[in-house]
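Scroll down for the structure; my scribbles are underneath it.
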Amino acid sequence: MNLKVLKVIDGETVFPPPIWMMRQAGRYLPEYRETRKKAGSFLDLCYSPDLAVEVTLQPIRRFGFDAAILFSDILVVPHALGRDLRFEEGKGPLMTPIDADEIFWLETEGVAKRLEPVYETVRLVREQLPDETTLLGFCGAPWTVATYMIAGHGTPDQAPARLFAYRFPEAFEKLLNDLADVSAEYLIEQLGAGADAVQIFDSWSGVLDEDCFERFCIRPVARIVQKVRAVYPQARIIGFPKGAGMLYAGYREKTGVDMLGLDWSVPLSFAALLQEEGAVQGNLDPLRVVAGGNALDEGVDAILERMGQGPLVFNLGHGITPQAPIENVQRMIDRVRGGKS
């Protein structure tokens, strides 16, 4: 096996750099939209191994990415904890907001076992994936998952969760610890089922001040990493604290993750400094893929020029948007791999 992504995570420089995209199995692909219709609901798609395998493999068949990422959602963890969860068109995920008292009644024992369909998807994907393609599992970071559990939906600045944390510090700390423990079990099961590496998505870390970032983002992720490595000491783990800004510095060392996922707001000069301490992943603005043309080419070239001589997995700085034209995705891949656009 020649798993380029794993080599980079381990600190090697691979040229051209391996490439995959967050949300690469998604609505920009016509084949995904067809499979999504068959599934009925979004959650049914996540929990139906045959269909989840199909959408996981679709971008690999079409583009030959160097990594496949398990098709699922970060909110299957609170769903397994017994929280009601539904996805509505145009509204995204919706849940009944959890209150402080309910947190003390959350039962975490055996919760990860309720996600067996996800592990079956991992097993089936690994069987069908080309040997040279890395299979990534993932979970949401406790802070980001907690924001949805508290507000009941996504909010622009996660004010409900921040206010909850200030008002109910004990309950909030318990929620983060519970989510960290269940998420660690969840990742352990994914690794056992055949995932080559895992990514922890902290999509809302950028709304916190420095003290809260340390307590709500770094400590819970470090707890996950420690628990995963107690079972799989060599586990390769990617951390993606989107929007962390200057607080990216020290994140790898404090949490124990191997590779840093960078969002598109991270200056390339700062990204290059972060790369000196280990592998980085990112960080093209997803809207450059929507725009195409010179905007896309210039964005790709700038990243390759600044970081291509070190350990880099080329990716977007967040998930690809449904509006992205397929031909622009191919143009990006060709440019990264040195072909003509």
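Quick reminder: no glycine exception, Cβ is built from N, Cα and C everywhere.
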Checking Swiss-Prot, the member of Phe42, Phe164, Phe216 that binds substrate with Arg23, Gln24, Ala25, Gly26, Arg27, Asp73, Tyr148, Ser203, His318 is Phe42
With a 10 Å radius around each C-beta, find which of these binding-site residues (Arg23, Arg27) has the fewest other C-beta atoms nearby.
-> Arg27
For Ser203 (substrate binding site), which residues of its chain lie six or more apart in sequence with Cβ-Cβ distance below 8 Å?
-> Ile74, Gly140, Ala141, Thr144, Phe240, Lys242, His318
